């Protein structure tokens, strides 16, 4: 959903985690608290999986056809409209995530003041990464402007891009992790793992395509200069 460079963006952050090394015993314990047939849990899973799929499909369709830009009469207006839809979907995802947590059991080991404070700190850190990413990139830089032909001229190297790749994605993941710990929710922890996994896939899917957009831009510039 975001690009910090006018060129290839590396897949950092949680993308370097080897999920094959996860402790299956911990996962088994968490699953003991979760009822996957609960409608609120299924709604959370669907919104978590759907959102990146939606914005990637729409953005690639726009990049190929420019039909959104033509319909709205401006690539900027089309980008702003898609950004508003994405924001709404993300709010819906957060609502479903919270409802799924509230309707399923808490984990006694996390239901204490120390864990709550840890969760609060994580939420705060996540908010800092998300908001600072947004201010560094701007609305169009955050919400797929490069697919609309709204390209950045230079790499964004200010905070938080100087400490973390894809900080919007991983800041959002940290938010969900903190929120789950604050609620002592095994369901929230499992859903957070799903959020992280979906973002890893999204980064791997988006990065080569975005890099190609900027490669074409650089090639056009080079051709004009020659």
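Cβ from N, Cα, C; glycine included.
Copied over from TrEMBL:
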- 1-38: topological domain 'Lumenal' (TOPO_DOM)
- 39-59: intramembrane segment (INTRAMEM)
- 60-71: topological domain 'Lumenal' (TOPO_DOM)
- 73-92: transmembrane segment (TRANSMEM)
- 93-119: topological domain 'Cytoplasmic' (TOPO_DOM)
- 113-137: transmembrane segment (TRANSMEM)
- 124, 125, 126, 206, 207: S-adenosyl-L-methionine binding site (BINDING)
- 141-183: topological domain 'Lumenal' (TOPO_DOM)
- 176-205: transmembrane segment (TRANSMEM)
- 205-226: topological domain 'Cytoplasmic' (TOPO_DOM)
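Sorting the topological domain 'Cytoplasmic' (93-119) by DSSP state (H, G, I as helix; E, B as strand; all else coil) yields 20 helix, 0 strand, 7 coil. Put simply, the two farthest-apart Cα atoms among 124, 125, 126, 206, 207, the recorded binders of S-adenosyl-L-methionine, are 27 Å from each other. Per-residue confidence over the topological domain 'Lumenal' (1-38) averages out at a pLDDT of 57. The most densely surrounded of the binding-site residues 124, 126 is 126 (count of other Cβ atoms within 10 A of its Cβ). Highest Cβ count within 10 Å among the binding-site residues 206, 207: 206.
For residue 125 (S-adenosyl-L-methionine binding site), the same-chain residues that are 6 or more apart in sequence and have a Cβ closer than 8 Å to its Cβ are 171, 174, 178.
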